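Structure record follows, encoded as structure tokens.
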Amino acid sequence: MAILVVAVLILLCGSQVRSDASSHRYKAGEAVPLYANKVGPFHNPSETYRYFDLPFCVPAHLKEKKEALGEVLNGDRLVSAPYKLDFLREKDSEVVCKKKLKKEEVAQFRAAVAKDYYFQMYYDDLPIWGFIGKVDKEGKADPSEYKYFLYKHIQFDIRYNKDRVIEINARTDPHSMVDVTDDKDVDVEFMYTVKWTETDAPFEKRMEKYSQTSSMPHHLEIHWFSIINSCVTVLLLTGFLATILMRVLKNDFIKYAHDEESADDQEETGWKYIHGDVFRYPKYKSLFAAALGSGTQLFTLTVFIFILALVGVFYPYNRGALFTALVVIYALTSGIAGYTATSFYCQLEGTNWVRNLLLTGCLFCAPLFLTFCFLNTVAIIYSATAALPFGTIVVIVLIWTLVTSPLLVLGGIAGKNSKAEFQAPCRTTKYPREIPALPWYRSTIPQMAMAGFLPFSAIYIELYYIFASVWGHRIYTIYSILFIVFIILLIVTAFITVALTYFQLAAEDHEWWWRSFLCGGSTGLFIYGYCLYYYYARSDMSGFMQTSFFFGYMACICYGFFLMLGTVGFRASLLFVRHIYRSIKCE
């Protein structure tokens with residue numbers, strides 16, 4: 001119930017942002033809010049700095065905009081900009097300020113231009129981008145001969161419909177530049193021009209242009225090709241496995257039924273032979289139950305995020321909505337982790353449920369917290385906007401202390417008191433059978449490689465677009481296609497894990513519990529392998545901070561995928577194993 005409440009609250013928050021925006025009506029000459037956000041290297045999306053970390057013209061009254069939790073987590077630090085863009089008031093080469101740049105400031109601008117720095121602002125909640133300068137490499141082979149220029153004139157082209165702002169673009173004047181190649185004092189006159197044009201475009205559709213790139217026919221064709229490719233993979237895989245398993249199992253059932261009618265001393269072979277061991281509880285059952293609890297929580301979180309995305313909460317530049325949703329829903333779903341882990345642990349006849357609950361609470365949060373501590377320290381050293389303010393850290397700690405932990409404990413208590421029993425269709429023998437020697441390709445790591453490859457191949461094409469959105473400047477808005485890909489991922493993971501579990505049992509290896517979890521989750525390892533490929537082959541990211549942020553946070557995301565898909569794989573295998581052993585008579 002609490003989860004539904006928060007989903008409604010976030011939905012209301014999203015609609016509130018839109019309703020607030022829709023109330024932005026202005027009169028001629030009225031001030032329209034313009035905020036400078038951040039600057040940073042174009043190819044390093046995590047490495048952003050405050051706008052006035054560079055020696056731009058500072059307004060007389062610098063005012064910081066109050067931001068929501070998600071906006072701060074997103075690295076937004078909005079402050080009042082030095083430009084005055086009053087409604088319907090045109091300006092031609094208006095001087096912002098005249099400034100004498102010292103040698104140090106010239107060097108600072110040159111370093112920024114060399115790294116392809118861009119700036120970002122928000123005008124009436126519409127995003128604006130532009131580059132701060134350019135490098136002249138024409139006809140120069142030696143980098144020491146390059147010329148560095150700083151743009152000093154910005155032209156704002158604004159479209160309006162009656163009393164509302166519809167669109168804004170910022171263009172830098174290539175003929176109005178300052179040479180910052182040499183370390184010497186430079187006089188600069190920063191200027192801006194404002195032009196207003198009327199348009200018939202409705203206010204409600206002003207955000208659509210930001211999502212048009214991902215909805216273009218060319219991109220949609222690639223997305224649908226990805227979907228069709230994945231669907232064919234699923235159909236072939238499921239059809240192939242279903243045919244084989246049904247035929248093999250049917251033959252097994254006939255054989256075992258025939259064996260029961262014939263001599264009792266005939267030796268059993270195959271998966272029926274290990275019926276007395278197949279439901280023997282796994283090693284490290286507390287860790288196993290904790291992994292199931294965390295995986296179930298992450299699966300629930302993913303489903304709710306998809307629901308919010310599909311109803312339109314995460315429209316382009318609803319700043320920080322996704323991060324807010326992730327933090328709040330993760331906190332409120334911790335009760336699911338506590339209940340699942342403790343109830344399953346008690347089913348496995350575990351006794352120390354309190355320790356199991358602590359392990360569940362730390363299994364995903366602890367690596368995430370340690371990664372955050374390291375990366376936040378790196379961001380502080382770099383003075384980047386990715387460094388969270390102390391107040392935000394306190395808020396997150398309070399959410400974890402006052403919401404996540406109590407709900408985890410309440411879920412654990414409910415799980416302990418559920419008194420559910422593990423329903424095994426076969427009795428487990430007192431002593432485990434010895435597992436026969438198996439060929440190398442039946443060991444855990446080769447099986448994980450086989451299990452992870454097929455689900456990964458089904459999502460491979462879509463991964464590029466997600467990475468380009470999260471670690472680049474593309475906008476991802478086709479959540480319906482992403483949801484279909486997610487469903488395909490779950491189906492392929494479940495089927496391949498069930499198939500490998502059957503082959504493992506047929507080889508008389510009864511230790512399938514951990515194997516099914518590891519095989520299901522192995523797609524997370526493939527995704528992390530794709531991270532290496534994307535970083536070195538498909539992106540231009542560089543520098544210690546960006547590298548550590550990319551591999552650090554992607555490690556946490558892939559670990560989350562490992563837990564979530566591992567849970568899916570184990571649950572599918574458990575249903576399958578219970579079904580086949582319930583279908584035969586085991587003495």
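From the backbone N, Cα and C atoms, a Cβ is placed for every residue, glycine too.
According to TrEMBL:
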type	residues	note
SIGNAL	1-19	signal peptide
TRANSMEM	222-245	transmembrane segment
TRANSMEM	287-315	transmembrane segment
TRANSMEM	321-345	transmembrane segment
TRANSMEM	357-382	transmembrane segment
TRANSMEM	388-410	transmembrane segment
TRANSMEM	448-467	transmembrane segment
TRANSMEM	479-505	transmembrane segment
TRANSMEM	517-537	transmembrane segment
TRANSMEM	549-577	transmembrane segment
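The stretches the transmembrane segment (222-245) and the transmembrane segment (388-410) do not meet in space: the count of Cβ pairs below 8 angstroms, excluding pairs fewer than 6 apart in sequence, stays at fewer than three.
Same-chain neighbours of the transmembrane segment (287-315): 3, 7, 10-11, 13-14, 18, 207, 211, 321-322, 325-326, 329-330, 333-334, 336-342, 344-345, 348, 350, 356, 359-360, 363-364, 477, 479-480, 482-483, 486, 513-514, 517, 521, 560, 563-568, 570, counting only residues six or more beyond its ends whose CB sits under 8 Å from a CB of the stretch.
Residues 46-47, 278-279, 291-292, 294-296, 298-299, 302, 363-364, 367-368, 371, 374-375, 378-379, 386, 451, 455, 471, 489-490, 493-495, 497-498, 501-502, 505, 512-513, 516-525, 527-528, 531, 535, 541 of the same chain sit 6 or more residues outside the transmembrane segment (549-577) yet have a Cβ under 8 Å from a Cβ within it. Long-range Cβ contacts of the transmembrane segment (448-467) within its own chain (Cβ-Cβ under 8 Å, at least 6 residues beyond either end) map to 214, 219, 222-223, 225-226, 229-230, 233-234, 237, 474, 476, 481-482, 485, 488-489, 492-493, 496-497, 500, 518-520, 522-527, 530, 534, 538-539, 565, 569.
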